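Written out below as structure tokens is the structure these notes cover.
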Amino acid sequence: MIGEAWREITAGMGRVLDSGERWLFDGKKATYGLAVMRILFGVMILGTLTVNFADRHYVWGPGARWLSPWLTVDDYGFPFTWVFGAGDPAAVFTLKYLLLMALAVAFMLGWRTRVVTPLLMIAVASLMRLNPIADDAGDNLVRIMLLFLCFADTARHWSLDARRRAREDYRPLVPLPSWTGVLFHNVALLAVSAQIFIVYMTSGLSKVQGDMWQEGVGLYYPLQIDQYVSWPALNEIVYASGLFVTAGSYVTVFVQVLFPLLLMRRGTRVVALLLIFSMHVGIAVTMALPWFSLAMIAADAVFVRDVTYRALARWLRRSRRGEGDATAGDGDATAGDGDATAGDGTDSGAPGEPVPTAPSRRERPADGSEVAAGTPPRLPD
């Protein structure tokens with residue numbers, strides 16, 4: 001009896017390992033979601049730099065001498081202290097600032113992302129360290145995510161890199177086995193997902209410790225803080241409704257704490273994403289934190305399945321071309337959206353070349369289905 005139970009346990013562990021192995025090596029996951037994340041992060045960084053351009057010297061540059069005590073206790077080291085320095089002359093600081101904006105544009109458009117992504121990460125962190133009190137927490141998430149995105153293929157879709165690879169006979173500078181790119185990409189995706197889970201669960205568990213959130217009035221007080229109000233009349237309409245405040249407070253806590261679990265099934269995943277997107281839109285409108293909300297929405301975009309993005313791309317093509325022109329292209333899920341490859345079974349590092357799968361004791365499912373990003377692989381019944 002003990003021997004039979006042990007065999008069942010080892011067989012179950014083998015199935016789990018097989019599922020995890022297939023997930024890691026059987027093609028790059030959430031490539032569309034990461035492309036959306038890249039685009040929105042680029043918009044967020046560029047937008048932040050643009051709206052602060054007129055005050056750049058006072059916020060980060062030579063006019064920010066009032067921040068000198070803070071800079072004596074920061075823990076940043078090279079190369080973050082090398083790009084932007086507190087002693088930069090005004091002209092030099094402005095030139096660096098413009099170069100950072102150019103990097104944000106290149107990242108958003110997906111141009112040479114393997115080089116641009118680490119440069120952007122270092123430059124953004126270097127600038128933001130000069131004035132941490134001017135940040136809205138969205139930049140913290142962006143800096144962490146940019147580190148993970150250095151190892152992910154964010155330019156496989158909707159990018160200039162994808163168009164270039166489709167036109168040219170692409171050859172990487174350092175030829176590597178194709179499975180290494182798949183592994184790095186999927187591990188980076190897991191790191192992105194884990195970071196989002198940490199953010200939401202930490203926020204939710206911190207809320208439940210407070211009496212205001214336990215009593216269902218947690219939304220009432222932030223909506224009345226003057227520095228977080230864009231339209232006072234709109235905020236008054238929101239917090240004047242006791243039902244809305246109570247329901248919103250409890251739903252916010254539950255969706256943040258249970259977010260990882262809600263992603264495991266399609267029905268609950270759709271509900272969770274709709275609620276979390278709505279929450280961030282509400283934060284952007286009622287609390288004057290648009291760039292923070294955009295950063296969070298960009299990160300959450302990886303949990304939307306690739307098939308959803310492909311369907312959206314087809315719908316946009318039909319609306320742009322007209323029903324008559326789109327009929328012939330309805331069967332192609334990826335054509336015309338700037339992809340470097342013909343489908344999800346190929347690696348963007350070598351267009352048209354199938355991604356080799358890792359050796360496995362079990363065959364891949366016949367339908368070729370993939371596990372959604374951020375959810376554990378489904379085990380056989």
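Quick reminder: no glycine exception, Cβ is built from N, Cα and C everywhere.
According to TrEMBL, the feature transmembrane segment maps to residues 237-263, out of the candidate ranges 129-155, 237-263. Against the transmembrane segment (270-288), stretch 237-263 shows more Cβ pairs under 8 Å than any other of 32-54, 90-109, 237-263.
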